[in-house]
Amino acid sequence: AWYVPCLASLETLQELCRKENLRCKSIGITNRSLKSYEVEYLCDYKVEEGTEYYLVKWKGWPESSNTWEPQKNLKCPLLLQNFLSDKNEYLSRVREGKALQVRNHIKALKPAVADYIVKKAKQRIALQRWKEELNRKKNHKAMILVENTVDLEGPPLDFYYINEYKPAPGINVINGITTGCECADCPAEKCCPKEAGFILAYNKQKKLKIQPGLPIYECNSFCRCGPDCPNRIVQKGTPYSLCIFRTNNGRGWGVKTLQKIKTNSFVMEYVGEVITSEEAERRGQLYDNQGNTYLFDLDYDSDEFTVDAARYGNVSHFVNHSCDPNLQVFNVFIDNLDLRLPRIALFSTRTIKAGEELTFDYQMKGSIDLTADSADGLSPSRKRIRTVCKCGAVCCRGYLN
C-alpha cells in the first residue's frame, strides 16, 4: 500500500484532539497535557522593566495559546539551554554580534533570531519523534539515533521504515523452503552452504571469511540448529547502534557507527521494494527528473529484479557512496534460494572506529543506482547524466558513474 503524509498541521491535530478530549501520544496529547501545562519549547525573549520574559509554546496546545512567562516561573533548564545555544549558533552563522534590539523601551529579540530559534525547536522535536518511530519499527536490539547540527532539514516526509523486502504484486521473495540442515552443531558436512555447493561464509568468531563475489548461504527457518547457530548472522539484523546524521559537505544525510566495528563484520542489510527491471526503468526515468533515485539491481544471477529503496527502506537508505568505502556488498540466501532474489548484506572491509561514517561503492558488484541526498550513483545498465562524486577520498574517481 502507498501512504501519503497527513495534510493537517501538528497544531491543528493537537487542537482537534483537545476539543474532542482525545489522547494521541504521537502528537503530544496525553492525560498529562490535557490536564496541565508543560513547556514544549521557547519561542522568543524580551526584557521589560528589568524582568526577563520568554514566549512559551505549551505542549499539546496550538501556537495561538502561546504566552509570555517570566523566567523565574520556568522550570525547564534544558529548554533554556537549547534556546541560548540556538541563539548563539544563529549569531555565529550570520556574524551578528547582538541579538537584541530596543522597541518601545523594551529589549526584544530581533525577529530573524526568534524565527530561527523556533525553527530549530520544531526541528529538534520532529527529529526526536522520527528517532522514536525508527526504533519502534526496527526488529533488532541496536539503537538508531538521528542528528542534524548542520541545517534546518527535518525528517524525510515520504520515507517508510521496513525491515525486509517489500515485494511488488506477483513477486515472491519466499520460495517455500520446506527442509533445512540436520546439524546439531553447525557447520557440518551437510550444512546449508555445502548443500548449495559453497563453503561456510563465517569463521568461529562469526566474521566473514569468503571473498567478495561469493554468495552466503545461511541456515533457514527449517534447520535443526537454534538461534545461536554460527551460520545465522544477517538474519539477526544489525548488531551495532547507528546514527543517521546530516553531512556538512552537501551530501545530505549519512550514517555513522556509534560502536567500533571489526573487519569482516556484518553491519546491515539493504532493503526496499522488490520490483521488476522494467518497472525500475520506468521509475528511474521519473526519479531522474526528481533527482532522487535509490535503485539497486539484483544481478547476482540475472537482471530480472531491482530493489527500490526510495520510499521504503531501512538505515541503509541513508548510507553514502565512497570511492574508498568501508563496506562491501554480499549476496545472501536464507529462506529463498531463488538466485534471482538474493538478500543484500553490507559487511565491513576494515576496522571502523566509533563515530566514523559508513560508506560503500555504488559501482561495486550489485550494480547500484542511488541518487539524491545520500545516494548519487548511477546503475551501469542505465546511461544517464554523469554525477560528480563528493566522497573526498584520495582515490576518488571524480564521478559516480
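Quick reminder: no glycine exception, Cβ is built from N, Cα and C everywhere.
If you check TrEMBL, you get these features:
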DOMAIN    37-95  domain 'Chromo'
DOMAIN    179-237  domain 'Pre-SET'
BINDING   C181, C192, C219, C223  Zn(2+) 2 binding site
BINDING   C181, C183, C186, C191  Zn(2+) 1 binding site
BINDING   C186, C219, C225, C229  Zn(2+) 3 binding site
DOMAIN    240-363  domain 'SET'
BINDING   R251, G252, W253, N320, H321, Y362, K390  S-adenosyl-L-methionine binding site
BINDING   C323, C389, C391, C396  Zn(2+) 4 binding site
DOMAIN    385-401  domain 'Post-SET'
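Taking only the Cα positions, the spacing between C225 (Zn(2+) 3 binding site) and C186 (Zn(2+) 1 binding site) is 7 angstrom. Checking each of the binding-site residues (C219, N320, K390, C391, C396) against C191 (Zn(2+) 1 binding site), the C-alpha distance stays within 10 Å for C219. In this structure, the C-alpha atom of C219 (Zn(2+) 2 binding site) lies 10 angstrom from that of C183 (Zn(2+) 1 binding site). Taking a C-beta cut-off of under 8 Å and a sequence gap of six or more, C391 (Zn(2+) 4 binding site) has these contacts in its own chain: N320, H321, S322, C323, D324, T359. Distance from the CA of C389 (Zn(2+) 4 binding site) to the CA of G252 (S-adenosyl-L-methionine binding site) is 13 Å. In sequence order, the binding-site residues near C192 (Zn(2+) 2 binding site) (Cα within 10 Å of its Cα) are C186, drawn from C186, C229, W253, K390, C396. Listed binding-site residues: C183, C396. The one with the lowest count of other Cβ atoms within 10 Å of its Cβ is C396.
Note on proximity: among C183, C229, C389, the binding-site residues of the record, the Cα nearest R251 (S-adenosyl-L-methionine binding site) is that of C389. Counting Cβ atoms from all protein chains shown, C192 (Zn(2+) 2 binding site) has 27 others lying within 10 Å of its own Cβ. Taken as a whole, the domain 'Post-SET' (385-401) shows an average pLDDT of 72 in this prediction. Note on proximity: of the binding-site residues W253, Y362, C389, the one nearest C181 (Zn(2+) 2 binding site) is Y362, by Cα distance. A distance of 48 Å separates the Cα atom of K390 (S-adenosyl-L-methionine binding site) from that of C183 (Zn(2+) 1 binding site). Per-class residue totals from DSSP over the domain 'SET' (240-363), listed helix then strand then coil: 18 helix, 50 strand, 56 coil.
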